[in-house]
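Student: Got a structure here, written out as structure tokens. Questions coming.
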Amino acid sequence: MSLMLDDQPPMEAQYAEEGPGPGIFRAEPGDQQHPISQAVCWRSMRRGCAVLGALGLLAGAGVGSWLLVLYLCPAASQPISGTLQDEEITLSCSEASAEEALLPALPKTVSFRINSEDFLLEAQVRDQPRWLLVCHEGWSPALGLQICWSLGHLRLTHHKGVNLTDIKLNSSQEFAQLSPRLGGFLEEAWQPRNNCTSGQVVSLRCSECGARPLASRIVGGQSVAPGRWPWQASVALGFRHTCGGSVLAPRWVVTAAHCMHSFRLARLSSWRVHAGLVSHSAVRPHQGALVERIIPHPLYSAQNHDYDVALLRLQTALNFSDTVGAVCLPAKEQHFPKGSRCWVSGWGHTHPSHTYSSDMLQDTVVPLFSTQLCNSSCVYSGALTPRMLCAGYLDGRADACQGDSGGPLVCPDGDTWRLVGVVSWGRGCAEPNHPGVYAKVAEFLDWIHDTAQDSLL
């Protein structure tokens, strides 16, 4: 199975056709428009034969030289193609930048995690290997929400102080105490302690995301079984699947801004979102959640698909189940290295020549590209912005296509799945040297949090 990419690329990345198209002819200045005499024609033929003979000798010498080059340097004549692991073959390409830009040094931050057994919040300070229980002193719901966001969750669902006398502690357990004068994520704000003055530690729960309850029952195949990607959504205009989307919360779905921009004149009441769907043939009239608001990123550019994300707020909340659930966002400062095996899914065209979407949900694995390689002259020649990332293969074996736009690119983080990209654009579908381009979700976390914060359920 091959998924293939939706929209045409930015103008800078499109093919440029050279010369007149088929069947187009023109007369150049100086062309003769009247008949030529036979004598002139014969003399012209003799001169032409002599010229052709000389050109033939030169051409023969050129072919011989080229064959010698092929024999001595066979690799030089091969087209640039291959998988991500063949990155060294692009060394002759002109890179968009000689080296990756160095980021300014950021203040060291504290790391958090939530114990899955008792939901106690733990912190790691100053690169110490030990995880410390967080004292309840100085705690606030606002800090709890910030921590949930930093872990890739969209909302805070529960928090409280737990008495130390109610939990089992080993004798070596240490604690982290927050200084009320400093920010909650700066390392200097947290001090290791042997005990908590209040006698309480923090219990924290965030919205559930990134889990696949039915994953253990799925075996092989490229047509997707129910529950394999529970956050996959179908964004439909009327009864027609238009784009993919990803469920972030019961009333929030993220998709591509260009999907909404292409149909910006459509009535809001015509949009519906289907979740837990595998086959479109199973959809019945009036099914799906109506869209209450469409919120494209305010900086979206229709010219180069920069900032290509949009949020959809639903009129009614989705009912989460084994087949419907939310995907996690990337954690704070989380980095997925090039070569990471991620998955893209959707109902898009399964072949470049097809003009219809797939009835069954499809998926395929794609490795992440380095932005430097994707912006090289061999691939997209600098068309990518910092809000974009690449995933796929240089040999074009698998990709996304029309109808997949807005859908999820997810990467595993242990047992948790995180939304790393939103299907955005590419050159053609599964073309060699042109992998898929995705909106980089990590660049939009603040906007997603700020937009969804006031009206989450």
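For all residues, glycine too, the Cβ spot is worked out from N, Cα and C.
The active site, charge relay system annotation in Swiss-Prot covers His258, Asp308, Ser405 and rests on similarity to another entry. Summarising the annotation, Swiss-Prot assigns disulfide bond to Cys135-Cys196, Cys148-Cys206, Cys209-Cys328, Cys243-Cys259, Cys342-Cys411, Cys374-Cys390, Cys401-Cys429 and lists sequence analysis as the type of evidence. As annotated by Swiss-Prot, domain 'SRCR' applies to 112-207. Look at Swiss-Prot and you will find Asn163, Asn170, Asn195, Asn319, Asn375 tagged as N-linked glycosylation site. Positions annotated as region 'Disordered' by Swiss-Prot: 1-21. Here Swiss-Prot flags 1-49 as topological domain 'Cytoplasmic'. The topological domain 'Extracellular' annotation in Swiss-Prot covers 71-457.
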Student: So which of the recorded positions is most packed in, judged by how many other Cβ atoms lie within 10 Å of its Cβ, out of Asn163, Ser405?
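Tutor: Sorting the candidates by Cβ neighbours within 10 Å, the top entry is Ser405.
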Student: Using CB atoms and a 10 A radius, I'd like the single residue among the disulfide-bonded residues Cys196, Cys209, Cys259, Cys328, Cys411 with the highest neighbour count.
Tutor: Cys259
Student: Over the span of the domain 'SRCR' (112-207), how high is the average pLDDT in this prediction?
Tutor: 89
Student: Of the active-site residues His258, Asp308, Ser405, which one sits closest to Asn195 (N-linked glycosylation site) when you measure Cα to Cα?
Tutor: Asp308
Student: Please report the number of other Cβ atoms within 10 Å of the Cβ of Cys206 (disulfide bond).
Tutor: 23
Student: Between the Cα atoms of Cys209 (disulfide bond) and Asp308 (active site, charge relay system), what distance do you get, rounded to the nearest Å?
Tutor: 23
Student: Could you check which of the recorded positions Cys148, His258, Cys328, Cys342, Asn375 is the closest Cα neighbour of Asp308 (active site, charge relay system)?
Tutor: His258
Student: Return the member of Cys243, Asn319, Cys328, Cys390, Ser405 nearest to Asn170 (N-linked glycosylation site) in space, with distance defined Cα to Cα and candidates limited to these recorded positions.
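Tutor: It is Cys328, whose Cα lies nearest.
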Student: Run through Asn319, Ser405, Cys411 for me and report the recorded positions whose CA is within 10 Å of the CA of Cys259 (disulfide bond), in sequence order.
Tutor: Ser405
Student: Could you tally the C-beta atoms, other than its own, that fall within 10 angstroms of the C-beta of Cys135 (disulfide bond)?
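Tutor: Around Cys135 (disulfide bond), other Cβ atoms within 10 Å: 26.
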Student: Quick one, of the glycosylation sites Asn170, Asn195, Asn319, Asn375, which Cβ has the fewest other Cβ within 10 Å?
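Tutor: Looking at the glycosylation sites Asn170, Asn195, Asn319, Asn375, the Cβ with the fewest others within 10 Å is that of Asn170.
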Student: Using C-alpha positions only, work out which of the recorded positions Asn163, Cys328, Cys390 is nearest to Cys206 (disulfide bond).
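Tutor: Given the candidates Asn163, Cys328, Cys390, the nearest one is Cys328.
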